[in-house]
């Protein structure tokens, strides 16, 4: 599964994806809408794909997800208008829904029952490591493949990405289906919303948890989309440097995530959460007012920091949410967060059509403001009262 993960995430055009879509005539608002459509399609597909997954099992759910992903890449290669890219985004969302929960369940149920929890941690670490490796290697190789920011080079990178995903698909056919019966874990988004809303209306602490989890989102997807045309605007038109910047940021992010808990040990949980919530926002603000060549290290710093709060906030969420409510609340947080990021991504995309600097500044100011307004530093040690 780790090798499949590596090839499935070897996106050689990730660092120039926005620039490619712009050559196809898409505005930054339309580029931003692509990810929003993927998330919406994924949410709407959870129930029907879950029913299918229960019938066909974990292996074939993963196989179908990769087949859809590979098909999407080759369609992406020949698409030339917004409507076609919307169709591909819908396909991608359905593919995500098929793989949701199935790949993790496939790994877990394939392990020996003895000491399974410990083995799962090692397996997850191995899979996660190769995922990060793909995200590190792809922009560097992609920078060499896309030696010029022209359509033919973009298409070559997309074609090679399609080949890589196809390799992942072919390897997935060799997977063995575990004997244990499988039940797709996803609930209907409507069920999640109703159950979570009932809790939220009665428990103020949960309202705070959801607010902090959602409103301090760092919009890494928006940064990934906007930094590419921003670099070009600033005169950095080398695909190698655009790719190397993303690769360097990914490597630093991997290292920071491994040692995020050290920040908590040094300055305390509450203040650590405030710090890691504020830092990406500050990075966005600085990036919006900085000129080349300093935007390269600033982008690397900002992108590397976008996910650093995730391990801490995940720990605090689980500590503050009672066990019998945990699945519903965490599912609600995930759903609301995706919806919020999707909507705000459209807003920032519209602003970026006017000024990318203003869009980056807007994201930074929002993150800083919500981190301070919500008093994030008081979140870590505030126990939840549900009665």
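Backbone N, Cα and C define each Cβ position, glycine as well.
Annotated features in TrEMBL:
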DOMAIN    1-379  domain 'Major facilitator superfamily (MFS) profile'
TRANSMEM  34-53  transmembrane segment
TRANSMEM  60-78  transmembrane segment
TRANSMEM  84-108  transmembrane segment
TRANSMEM  129-150  transmembrane segment
TRANSMEM  156-176  transmembrane segment
TRANSMEM  208-227  transmembrane segment
TRANSMEM  239-259  transmembrane segment
TRANSMEM  266-286  transmembrane segment
TRANSMEM  292-308  transmembrane segment
TRANSMEM  329-348  transmembrane segment
TRANSMEM  354-374  transmembrane segment
Interface-richest range of 239-259, 292-308, 329-348, 354-374 toward the transmembrane segment (266-286), CB pairs under 8 Å: 354-374
Distant-in-sequence neighbours of the transmembrane segment (129-150), which means Cβ under 8 A and at least six residues beyond its ends: 2-3, 5-16, 19, 156-157, 160, 232, 237-247, 250-251, 254
Result, the transmembrane segment (329-348) in contact with the transmembrane segment (292-308) (3+ CB pairs under 8 Å): no
Recorded stretch that, among 60-78, 208-227, 354-374, has the most CB pairs under 8 Å to the transmembrane segment (156-176): 60-78
